[in-house]
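Peer 1: I'd like to ask you about the structure that follows.
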Amino acid sequence: MLWTANQIIRKLSTSSNYYQNKLKLALIGQSLFGQEVYTNIRKQGHKVVGVFTVPDKDGKADPLDVPVTTSWFTEECDKEQNGLQDAQRKTCLFPNPLGSCYAVAAQKDGTPVFKFPRWRVKGKPIPEVVEAYKAVGAELNVMPFCSQFIPMEVIDHPAYGSIIYHPSILPLHRGASAINWTLIQGDKKAGFSIFWADDGLDTGPILLQRECPVEPNDTVDSLYNRFLFPEGIKAMVESVQLIADGKAPRINQTEEGASYEGIQKKSNAKVNLAQPAEAIHNWIRGHDKVPGAWSVIDGQTVTLYGSSILGGSVPAGQPLDIEGASQPGIVTKNGLVLFGSDGKALLVRNLQFEDGKMIPASKYFSSGDTTSMELTDDEKKMAEEIRSIWNGILGNIAVIEETTDFFKSGAASMDVVRLVEEVKQKCGGVQLQNEDVYMATTFQDFIQMFVRRLRGEDQEEEMVIDYVAKYVNNMTVKMPWQCFINGKFEDAEDGKTADTINPADGSVICKVAYSSVGDVDRAVAAAKEAFEVGPWGRMNPRDRGSLLYKLADLMEENQEELATIESMDSGAVYTLALKTHVGMSIQTFRYFAGWCDKIQGKTIPINQARPNRNLTFTRKEPLGVCAIVIPWNYPLMMLAWKSAACLAAGNTLVLKPAQVTPLSALKFAELTVKAGIPKGVINIIPGSGNRFHGASLGEATSCLPVNSCCSCALSNLKKVSLELGGKSPLIIFSDCDMDKAVRMVREEGSVFFNKGENCIAAGRLFVEESIHDEYIRRVVEEIKKMNVGDPLDRATDHGPQNHKAHMDKLVEYCEVGLKEGATLVYGGKQVDRPGFFMEPTLFTDVEDHMFIAKEESFGPIMVVSKFKDGDIDGVLQRANDTEFGLASGVFTRDINKAMYVSERLDAGTVFVNTYNKTDVASPFGGFKQSGFGKDLGEDALNEYLKTKAVTVEY
């Protein structure tokens, strides 16, 4: 936990690194990638003396999400393949080009910008173009993405030459479609190269390379967004500095293993279905979105999009004959299942027909079944507004008829983005997706689709849950096990699962989806859409509160099942799970439901701008999409502590439960649908943080609240709330109520509560010397009464530790205590029975320098030290001598002493004559390395809100 905090603090406090050596650079090319390289190079203090890019096309920049496949680009690449190698054009097919987007950024900075349509005519450099380039005086050419042929006279002109980015591990996959071929050929590694330009095709010496694993369901987009784009930008900046410092290597490329692949065309992108499923999947994803892998279904060409390997059993559906397939496909509720020659299966999500119309593959047999709707007067006005938008895009069409087809009338992929954005801007903020346009290509179909989206009629589908059912605790519990994304339970993108273990006996409860980066991306996208365009963001706060009240009621109706799941999955004693894990979760949602319509700003008097007057007021606004990472000790309660305040503030969320305790979070997800929480507001992604990198959550969201037992590091600036555990001191004075101080061991939960897996557990007790021996004797008597056993047995006081690795750590912790000289009074070993049970343990004679005096055990281990009678300041100094500051406590009958000690204990919570008494209305959070931010109470809402000041002059 300390490592985690330090890592995050280092990340957040690191300032920009300005280097001593600087260069004058020319940037040649275009794209969003180029813009980011330009911006980051300038941040490092290098001077960009000129930006050389392409002219605007038809007065418009290329759209943000359409691959580079315009005719001029294809023609240039065709020329390259026909042997024109006397000029340089180095790059690949990138997602998300932005035309001359970084030319705009450069113009704002005052950097000279040149938009040459070409550098050569008939193979010869254009003198005036070359002279204009030379006049800027660049010392190095940086070519992050360039689709033009650049003469060697330009390439070799700067003192340091030219460097180029290429998205493959050269010499593999030279050519303009490197990412596509990485996927088509099923490479296990992807990456990029920064190399020195020469007169060949991606053959120059290597400056540096980076690589990453290819996930089974990676796409061009996911590889690019996860690694090639962000890491490529960093590498380009690093390369420039290496050159400036004289440290840049030139490693000649070997021809061993070299390959060159040209750009795929539609004519040769047909899928060969007579091969293994993985090869079919690789072919489809490598051609998605351009040019699109296709097959023949019912005599017509159908393009296949959105392929993933299917894990688990094939769902039921309707068979569909496909030309060349070893067996019929199956149209299921999730999409079209295809089978390879090896009998394994893959899932295709979308289909596009020859006329350009795209449909969900699940709708193949019902795509024409929708009934025409009658439009209201307001909807008719919007339809006319959309007609005007179509007219503006389709300038060659005089009149937009009901049967006018968007694509047959000349629209291209860039026009799809324009249509979607204009509809959003002019028609009530309705958010369409690019694929919606492909699925409704005629004007009348588009209007029908738009109105359905406007009314929300196409949003709700019956929830399908593939439960794991078990009869346990005298009831049948039904447990969802899949990812919960956008209101649906679905397999992880690559079909992977992991076992979740019952700590009471070590048996497997069930398999649970094992999320990947792709699942995180889908969950964040769903939460973002729900926040920006869904009903949640527009909902009256009081209505939002009503939904949270309803959710709390459903949790109460299902509390026995929730407590049983919690007990099985985490090892919590059932009675404690019912009262605290579930009971306090219900209280938390009810408490924050009441806050929904009470979040308000204030008015502020400011100096007046006479003769006018001013009014300043503040607004409290939600942050947006929040990523929540929760621990395994109180799985449901920590979910409630974080998400209730988050939702009350109006945010949406993506929540990652602990890998070892995902089941109660997934059951909670089911209840959110029944409560009527709109889809996309809550998303649950079980799995390992290492598998999808905790950073991917932080990078994509607005806020990252984290509880203890979690490790993550952020690479960008986000609002963060951290609760990182502690080593909480409890001081017991000789004038205490001895009976209460002893009873606290079992009933009020200082150390053994929840088998010690409690972030505010009294990790170290200081007992005044005159009562020390009596106190220890009575505590041992209490420990001996504790019943260790089955957590579902109502007579059990002490259940199993959460998982084996933690159990082993506790045994090692006790061994260290013994070696350092502490006295083991009771316990210290694993209980001899199946499962992960630890004996309640008591150490005395613990000195301040010992490991067990400083480090949190997070288990049922009481660590006791003496202090001299009357030495209040001395024991306070010892109690505060810790890196942590989550909680603390004091037992004394002297109110003056209690107040004095409570004021001087350096912790976020101080308990006096009690312990572990938290309440939903009281703020909870720590100082120092125990984190920052608050859970519970009004303070918690501020973690999920931002303050906006508005000043009006009148």
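Backbone N, Cα and C define each Cβ position, glycine as well.
Automatic prediction, not curation, is the source of TrEMBL annotations.
Per TrEMBL, active site, proton donor is recorded for H166, C759. The active site annotation in TrEMBL covers E723. Summarising the annotation, TrEMBL assigns active site, proton acceptor to E723. Residues annotated as (6R)-10-formyltetrahydrofolate binding site in TrEMBL: Q148, F149, I150, D202. Positions annotated as NADP(+) binding site by TrEMBL: I630, P631, W632, K656, P657, A658, Q659, K809, E856, S857, F858. The annotation domain 'Carrier' is assigned in TrEMBL to 377-454. Annotation comment: TrEMBL describes D202 as site 'Essential for catalytic activity'.
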Peer 1: Any idea what the Cα distance is from F149 ((6R)-10-formyltetrahydrofolate binding site) over to H166 (active site, proton donor), rounded to a whole Å?
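Peer 2: If we compare the Cα positions of F149 ((6R)-10-formyltetrahydrofolate binding site) and H166 (active site, proton donor), the gap is 15 Å.
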Peer 1: Across the domain 'Carrier' (377-454), what does the pLDDT come to on average, as a whole number?
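Peer 2: Over the domain 'Carrier' (377-454), the predicted model scores a mean pLDDT of 85.
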Peer 1: Can you tell me how many other Cβ atoms are located within 10 Å of the Cβ belonging to P657 (NADP(+) binding site)?
Peer 2: 28
Peer 1: Taking only C-alpha atoms and a 10 A limit, tell me which of D202, I630, E723, E856, F858 are near H166 (active site, proton donor). These are the recorded positions.
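Peer 2: Cα filter at 10 Å returns D202.
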Peer 1: Kindly report the helix/strand/coil residue split of the domain 'Carrier' (377-454) according to DSSP, in that order.
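Peer 2: So the domain 'Carrier' (377-454) is made up of 49 helix, 2 strand, 27 coil.
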Peer 1: Whole number in angstrom, please: the longest C-alpha to C-alpha distance across I630, P631, W632, K656, P657, A658, Q659, K809, E856, S857, F858 for NADP(+).
Peer 2: 24
Peer 1: Given the recorded positions I150, D202, E723, state which is nearest to F858 (NADP(+) binding site) when distance is taken between Cα atoms.
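Peer 2: Nearest listed residue in space: E723.
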Peer 1: Where P657 (NADP(+) binding site) and the residue listed as 'active site' are concerned, what is their Cα separation in Å, rounded?
Peer 2: 15
Peer 1: Among the recorded positions I150, D202, Q659, C759, E856, whose Cα is within 10 A of the Cα of E723 (active site)?
Peer 2: C759
Peer 1: What's the CA to CA span in angstrom from W632 (NADP(+) binding site) over to D202 ((6R)-10-formyltetrahydrofolate binding site)?
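Peer 2: With distance taken Cα to Cα, D202 ((6R)-10-formyltetrahydrofolate binding site) is 50 Å from W632 (NADP(+) binding site).
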Peer 1: For a quick check of packing: other C-beta atoms within 10 Å of the C-beta of D202 ((6R)-10-formyltetrahydrofolate binding site), how many?
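Peer 2: Other Cβ atoms within 10 Å of D202 ((6R)-10-formyltetrahydrofolate binding site): 26.
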Peer 1: Need this for a regression test: binding-site residues I150, D202, I630, Q659, E856, filtered to those with Cα within 10 Å of C759 (active site, proton donor). What's left?
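Peer 2: Matched binding-site residues: E856, sequence order.
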Peer 1: For E856 (NADP(+) binding site) and I150 ((6R)-10-formyltetrahydrofolate binding site), determine the Cα separation and express it in whole Å.
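Peer 2: So the Cα of I150 ((6R)-10-formyltetrahydrofolate binding site) lies 62 Å away from that of E856 (NADP(+) binding site).
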Peer 1: Taking just the CA atoms, what is the gap between D202 ((6R)-10-formyltetrahydrofolate binding site) and Q659 (NADP(+) binding site) in Å?
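Peer 2: Computed Cα spacing between D202 ((6R)-10-formyltetrahydrofolate binding site) and Q659 (NADP(+) binding site) is 43 Å.
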